[in-house]
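One structure is given here, and the rest of the page talks about it.
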Amino acid sequence: MLSYGLGDAGTGLAATQFGFFLFRFFICSAGLPVLIAGSLLMLIKIWDAINDPLIGWLSDRTKSKWGPRIPWMLVAALPLGLSLAAIWWIPAGSVINKTLYYTLISIIVMTAYTSINLPFAALSTEISEKTSIRTRLNAARFTGSIIAGLTGLIIAGVVLNSKGLANNEYFLMGKISGFIAVTTTLISCWGLAPYAKKARKPSGKVEPIKLQFKRIFNNKKFLKVISLYILLWCALQLMQTVALIYVEDVLNVPSEIANWVPIPFQISALLGLQIWARVSNKLNRISAFNYGAIIWIVSCTAALFLPSLSKVSSLGDGVFLNTNNFILFIVLIIIICLIGIGASTAYLIPWSLLPDAIDEDPEKPAGLYTAWMVLIQKIGIGLSVQILGLLLYISGYQSCIVDNSSFNIIEQSSLAQLTIRLCIGFIPSLLVITGVLIMRKWDQKLLPN
């Protein structure tokens with residue numbers, strides 16, 4: 001379980017830092033317009049989606065003494081670490097030059113990311129046939145992912161608030177994160193190798209894309225799982241991407257404090273993962289999801305209507321000496337923690353349901369189903385981030401300029417602030433509610449763990 005938990009640590013760390021900081025890095029530090037930043041993130045996800053079926057197919061056909069999955073993780077570890085550092089570097093030149101650079105580096109980093117994450121994810125289905133063990137493996141996987149993500153947020157909080165680094169804070173953060181990603185991936189490979197040797201092997205059968213579509217669309221359980229997965233992760237990704245903008249530009253929290261705000265979310269998500277794993281095993285997975293969804297929706301609604309803090313002239317004046325500001329900030333942290341507990345269902349539930357859908361297929365091609373699940377999810381996330389960039393552009397959002405006292409000196413329009421509130425509260429709630437409705441008729445025979 002420990003080795004499996006470490007396998008998603010590097011990619012989980014990268015995904016968390018990307019989710020919370022990459023959009024803001026593009027528009028604030030790299031100086032990209034908000035529409036280009038949103039388009040760039042969409043292109044990153046589209047490429048990430050395109051390489052999923054290819055790597056899944058190649059992984060299914062790979063033969064080695066360690067099985068088909070471990071070699072991919074070993075080869076991709078170092079490229080992932082190097083590209084994780086490179087994506088946080090700011091090149092000189094025009095907006096076009098920067099856009100081209102970040103596009104190229106993003107292709108490299110996401111190719112390495114998929115080469116680790118997708119073969120690794122397929123192992124949860126192949127190591128054991130038992131639902132309880134599969135659920136424990138996925139719980140260990142996402143526990144490692146969330147802990148690594150928390151580590152990444154702590155690194156970001158410390159490094160990004162450091163002074164005297166000549167605006168290289170993000171690059172230093174990337175180098176540290178890249179080293180962690182390489183190390184944890186290699187340790188996971190070492191620990192999983194004995195189990196991967198004995199794991200169930202995929203058929204390796206060559207299948208035309210038309211037959212793949214037919215296989216997928218005939219598997220009704222898989223269609224439900226992927227629908228739930230894309231809805232929950234679009235909601236989660238949208239909230240992560242807009243979170244720091246919401247905290248700084250709408251709630252008026254200083255940048256030095258805002259950089260630490262994602263940490264309560266990550267801690268509460270880790271706690272929620274343990275809660276829903278136990279509820280899932282005691283009751284069933286759908287009940288666990290429904291309880292988590294209620295908490296998620298209520299807390300999103302609270303974030304939608306939370307009042308802004310009163311501005312002060314500088315951080316030194318004591319933004320929290322104002323009693324009302326202090327109370328509102330405590331309420332904000334409580335809301336963030338509740339969102340984390342509810343949103344942790346997005347990590348656990350869809351992946352714990354996927355093996356049931358794979359088992360419906362007589363050939364059980366885990367790599368193929370895993371690839372298509374991640375592909376469709378990434379396309380959805382890419383479109384949601386693009387829509388965010390478009391909405392912010394239409395609303396008149398202006399890229400942030402943080403002064404020496406850690407405040408964004410740009411005053412956003414009322415329409416821009418309303419748009420940000422809708423993206424942090426209303427739209428995610430709507431997506432989660434849709435997921436609840438889709439899963440109402442999940443096969444009752446498969447619910448007990």
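Any Cβ shown, glycine's included, is placed from N, Cα and C.
Features reported for this protein in TrEMBL:
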TRANSMEM  20-44  transmembrane segment
TRANSMEM  70-90  transmembrane segment
TRANSMEM  102-121  transmembrane segment
TRANSMEM  142-160  transmembrane segment
TRANSMEM  172-193  transmembrane segment
TRANSMEM  222-245  transmembrane segment
TRANSMEM  257-276  transmembrane segment
TRANSMEM  288-306  transmembrane segment
TRANSMEM  326-349  transmembrane segment
TRANSMEM  369-394  transmembrane segment
TRANSMEM  414-439  transmembrane segment
Stretch in 20-44, 70-90, 222-245 most in contact with the transmembrane segment (414-439), if contact is a CB pair under 8 A: 222-245
The transmembrane segment (326-349) versus listed stretches 20-44, 70-90, 102-121, 257-276, 288-306: most Cβ pairs under 8 Å: 257-276
Leading stretch by Cβ pairs under 8 Å, where the reference is the transmembrane segment (102-121) and the options are 70-90, 222-245, 369-394: 70-90
Contact call for the transmembrane segment (369-394) and the transmembrane segment (222-245): at least 3 Cβ pairs under 8 Å, seq gap 6+: yes
Most Cβ pairs under 8 Å with the transmembrane segment (20-44), selected from 70-90, 222-245, 288-306: 222-245
Among 142-160, 172-193, 288-306, stretch most in contact with the transmembrane segment (257-276) (C-beta, under 8 angstroms): 142-160
Stretch in 70-90, 142-160, 172-193, 288-306 most in contact with the transmembrane segment (222-245), if contact is a CB pair under 8 A: 288-306
